[in-house]
Every structure is written in C-alpha cells, then in structure tokens.
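TrEMBL annotations:
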DOMAIN    17-283  domain 'Tr-type G'
BINDING   ASP94, THR95, PRO96, GLY97, HIS98  GTP binding site
Amino acid sequence: MSQNVLAPASGVAAQAARRRTFAVISHPDAGKSTMTEALALHARVIGKAGAVHGKGDRRGVVSDWMAMEQQRGISVTSAALQFSYRDTVINLLDTPGHADFSEDTYRVLTAVDSAVMLLDAAKGLEPQTLKLFEVCRQRGIPVMTFINKWDRPGHDALALLDEIEQRIGLRPTPLTWPVGIAGQFHGVIDRRTGVFIRMQRSPGGADLAIEEEMGADEAAQRYGADWATATEELELLEMTGADHDQATFLAATSTPVLFGAAVANLGVRQLLDLLVELAPPPSARPTAEGADQPVDAEFSGFVFKVQANMNRAHRDQVAFMRICSGRFERGMVVTHAGTGKPFTTKYAQQIFGQGRDTIDEAYPGDVVGLVNATALGIGDTLYAGAPVRYPALPSFPPEHFAVVRTSDTSAFKRFRRGIEQLDAEGVVQVLRSEQRGDQAPVLAAVGPMQFEVATYRLEAEFGVHAQLDHLPYQVAARTDPAGQEILRGVASVEVMTRVRDDALLAMFPDRWRMRFIAGRTPDLRLDVAP
Ligand code: GDP
C-alpha cells in the first residue's frame, strides 16, 4: 500500500466530488421501482448516509394523497433517496412513473447530473423512453442505459443496440456484454477488463446476486454455443468501435450500456460501480446571468419541486431544493433570490415516499426538503453570501386544455385556494381567459394525467368537487399583445394568460391550423418553445 492517504472529504469540493446525483428514467413497467430497491439493497442503507445524519423519525402517515398513488399504482410525488456506496454518496431522485410525460419529470431532470435509462429487454424503446432520451439530449444530461429483464426472453442484444443508435441517435457503447440470450442469462463480460463474471440470483432472489469470476476456458466449456456467440459479438463490437468514450458520454452523444435483471439483482452492482467511476459529480452550474457558480462557492441551491399536503396530518408544504454550491446547514438563514427576503431553513428533511429524516448538513448534489416553505416556488434560488440566481425552470408547452368549475358556490373560496395551490406546485398550468372570467379558469397540461391529479387533489385536500370541460385545442404558442389583437376574432383560436408568469398563450386546434394562420399573418409572433 502506498502512503498516499485520500484527502479527508471535508472540504466542499471534496464532498461534491464524492457525490453522484441521478434519476432512473424509463417507460412504466420497465422496472424502475424494482431497480430503486435493488440499488438501495446494494448500498444496504436506506435514507441515511454520508454527511446526512438521520434521526429515524419516520412517521409513516398514509395520506389520501398517497392513497391515490397506491390505488393507481403510480408515483406522483418525487423526492430523493440518499445512500452511500463505496466512498460515494448517491442521490437517487425519484421521477413520476406514469405514462404521461409530465412537467414534473422534466423538472426533476434539471436537478440531476446524469440519468440511468432502463429498457425492458423484451420491449426495447417505448414511447416514454424516446421522450425522456430526447429531454436528456436537449439538456445535455449524460445517460447510462441498463437493459433490464435479461432473465426473460427478449430481443437480441445487438438489435437493441441498433435500435438505440437508429432511433435516438446516441452511440451505444456496451460496458458489459451478456453471455446467453435474454432468458438464459449466465453473466456478463466486463468489456474493459475482459473478465467474465458469472451471475446467479440468490436463493429466492431477494439478496445480492452470487457473482464469481470465471476463466474463458471454463466458461467456453460450460456455456458452449452461448459463450461462442458472446465472444463473436464482442469482436463485432470491437470492429465497429463501440467502446466507451468518456468525453462523448459526458457530452451526451454516446451512452454506456449494461445488461442485467433488477428483480434478481443481476448486473446492479456493475451499474453502481460504473456510476461511481464514470458518472459526473456535481460541477459548476450556469447562473441566470450566464456565469458559472463553482461548487465550492458559498451556499446556493434551487427549488425543483414543490409539494403540498404530503402528510395530511400536518398540511405541510415541502419545497425540494437541489444544492448547487457550498455547505448547507440546517437552521442557516439564507436569502430568497426572488424577493431578497431572508429564509430560515429550520425544517430541513430528507424525504422519500413516506420516510423522513432531519438533515443537519448537506453538500452540492444533495436534495433537501424544506418543510413549511410556503414562500418558495418552483425554480426559486436560495443563497448565502454573494447573490446568485439560477435560470427559471422552463415550463413545457401544454397540449391539453380544460375549463375547470365547481357548481358548489359555497365552496368557491376553497376552489380558488386549491387552484392557486396546484398552480404554485406546477401540477397544472392555470390560465385566465377573458371570455370565461375568474369563476372558470382553464387548466393546461402536458399530459392528461395532470388533470386527474388536479381534480383528485381538489376533492381530497380542498373538499371541492370540480368538473372539467375539455377544450378542443392541442397546441399553445406564446404570443405578445399585438398577436393577441391579431388573433381576436379568428375562428377556433383563443388567447389566454398564464397566471404564473402573465405569458400570453395562443391556442390552436392543431399544428396545421397554427402554421396556416401564421403563414397568412407574417406579423404574428408565435413561439412554441416553453
Ligand atoms: P416501474 O413501473 O418501471 O416502476 O416497474 P416495476 O419495478 O414496478 O416493475 C414492473 C414489473 O416488472 C414488476 O412485475 C417487476 O417484478 C418486473 N420486473 C422488474 N425488473 C425485472 C427483471 O429484471 N426481470 C423480470 N423478469 N421482471 C422484472
């Protein structure tokens, strides 16, 4: 052993360097929840790690809000699971699991440094996978791909790589290669070392997989044709230059690929190891002014999610903040960049599902849930010391619109409060239309599931029964007051004001109609970007 001792990870830069903050993203049913459990099992610690000291204060109150998740089998809240693995602190951010692409997922992706994309070996790329890949590409988020369910019959491994390359234009660079087709999984060859790791599920499958390094001769003897196929495929990969390249991975133009089966914990250790070795740690973050905030500057962070009533017994509102720079200490007084007002971080917690632990200190890459933070909205920056402000989180152009009303006039105040709350949390976008007035706001969503969540919550949390009337629009584009005037009186087009930012949105029945009208009216300013 050399005398070189690793520097103690006490400084902020060192703490940031040992963090990996990522999200697992996938089409529903590809195995995200199973993978989350498998990752946590490998770390053997749930909710308590590294610099974060848990107090084991798990209340476990099941709210109606959670009840909806249970009923529907969907995850609508997102938070972060933190655990340590080797010398690394892993922050796994939860993303909504339902089929609609929601703004929520997008916001979570603004708070990660990388993503793990799960593919179901039997299904390959699914609609949600394609959308998520696209978002990662746009944001330049490095993606590792884990081809899951290799214990079941599925597609051919090379065909899956081909699909990734053809359909999303990312160059796949397998880091492990399976021996045995999907359904007959014997283990993987680590392409960097050439070592074959034989894998077997533990009896019952609930424990870590049983792994054993095996020499090529023995493997050839034991696995015959499967071994021959795997080595042939490896030669092919080498010829096509499908080798891992750190620069293109970080630039989000290539994706390392791994094979495994989360349900049996096969290949999960390899994934964790590669996250530690290759995934980027938190780094300097661009500010709204275009500068870069280094991780070891004074404390700063931004809110990427706001969630009310996670715990009905407390009627609390939690703002989830990702730390971008500096050391966070519970109780510190920070500044809210939007208002310049001080904000005391007395109630700082680590929240995942129903588990809660008090956080005393945290570092760049960590997620802190600020409880009772009613003054904080999505995208808000908090800082200590020199002022800093992170760019606003973009909101997606909505594609679904509905008027929301309640016929119960005695509930109108609660209705209004409920709508304001949903708007503040970004559950839906709330629009005001001149022609309908304040009694009948319009809800706009990226995916229709957002409407369901909105009406459910109005009922469960505000005691308001609301009706939705869907509007026949599919496209919204930003316009300006001049555009609003131009469009006045144009048939089947409406302009509404987004309450959150006073943006004017012009709504059209379809893209074709929008282009037609735009083509006819060169002065009309239309912008479909968020
Ligand atoms: P999510 O919707 O992406 O969170 O998916 P889940 O984790 O709930 O998994 C969906 C289904 O696939 C469940 O029945 C899991 O048991 C199953 N599943 C997950 N991973 C694997 C795997 O590696 N192999 C097999 N055979 N089934 C899996």
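In case you wondered, yes, glycine gets a Cβ from its N, Cα and C as well.
Around the Cβ of THR95 (GTP binding site), the number of neighbouring Cβ atoms within 10 Å comes to 22. Within 10 Å of the C-beta atom of ASP94 (GTP binding site) sit 22 other C-beta atoms, taking all shown protein chains into account. For PRO96 (GTP binding site), the number of other Cβ atoms no farther than 10 Å from its own Cβ, over all displayed protein chains, is 23.
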